[in-house]
Amino acid sequence: MCNPAVDQLEAQRVFQTFLTGLREGLEAALVVSILLTFLVRGDHRDRIPALWAGVGVAIAVSFGFGAVLHFTSANMSFEAQEAFGGILSIVAVGFVTWMVFWMKRASRTIKGDLTHKMEAALKLGASGVFLAALLAVGREGLETALFLYPTLQAQGSGIGPALGAVLGIATAVGIGFLLYRGAVNLNLATFFKVTGAGLIVIAAGVLAYGVHDLQEAAILPGLNTLAWDINGWDITSWYGTLLKGIFNVGPQMTVLEVITYVAYLVPTMVLFLRPLPASDTGSTSSAPGEHTATAAPTLTPPTTVPAGGHS
């Protein structure tokens, strides 16, 4: 018989990975939409196959990177697995934190930035377009794989969290297609602010999980110095599902885990939610065609959809 509280906890775990997949996937989908629109409007349709080739290779490399992470850890001893997972968690949180703050500023000017880079890439021909797409999408894909690996590890066994990540990425692809066709008008600044705050909460849990892994590997001290041990609590209760499913706070955490969690979450969230200085709300580049208004950019669809131009 199904336990509604257990189902709720699983749903919250799925939501964490869904949010991660959606956020990271939409960044990549947005990049593809902008580049594709630029090629169509500039009458460079002959370069569209090179664009999709770059996107395809970037996706393949990202999946390959994720597979390498999985199979590398699977063949390690317990201590090595814990050390590997802990180090990856810290590196992943560092990358995601940097990307969250970068996108907070870049969301207002990303269209102009990418357009300028594609103009330069076109001078190199099809290979330039291929390389531009590969680098732009590949960066997002590698970051997604790097962050999802420790996130899925922290969520434990079960197909739910992995399914959440897949659904998030699929949703991002759909939104990217609608953006390209002009069917939706998404305020990018607001979207990335809301999802960025959610990612910071998830990252705090991943970082604490990474610290615990390093304690298990005897790299960091304090494995038996617990901040609390309330294994008697009902993890299927409303407060249990809230703390574990959303905030990654478990019934047993070490003092170092809690210190790391709070020391990361509080200042990072405060800095992220703080309004940008006036000098950062517009464009910081002199690239031709770049947006300088404070409104988030939107995509204007081309009058016709190119052959092979569907996402």
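Cβ from N, Cα, C; glycine included.
The feature transmembrane segment is assigned by TrEMBL to 25-42 (among others).
Look at TrEMBL and you will find 49-71 (among others) tagged as transmembrane segment. Proximity of distant same-chain residues to the transmembrane segment (49-71), defined by a Cβ-Cβ separation under 8 Å and at least 6 residues beyond the stretch ends, is recorded for 32, 35-36, 39, 88, 126-127, 129-138, 141-142, 144-146, 148-149, 308.
Same-chain neighbours of the transmembrane segment (83-101): 27, 69, 72-73, 76, 143, 146-147, 149-151, 153-154, 192, 196, 199-200, 203, 206-207, 209-214, 216-217, 219, 264, 268, 271-272, counting only residues six or more beyond its ends whose CB sits under 8 Å from a CB of the stretch. Annotated transmembrane segment per TrEMBL: 83-101 (among others), in sequence order.
TrEMBL lists 121-138 (among others) with the feature transmembrane segment.
Annotated transmembrane segment per TrEMBL: 158-179 (among others), in sequence order.
Per TrEMBL, the feature transmembrane segment maps to 191-211 (among others).
The feature transmembrane segment is assigned by TrEMBL to 253-273 (among others).
What TrEMBL records for 282-311 is region 'Disordered'.
When the stretches 25-42, 121-138, 191-211 are ranked by Cβ pairs under 8 Å to the transmembrane segment (158-179), first place goes to 25-42.
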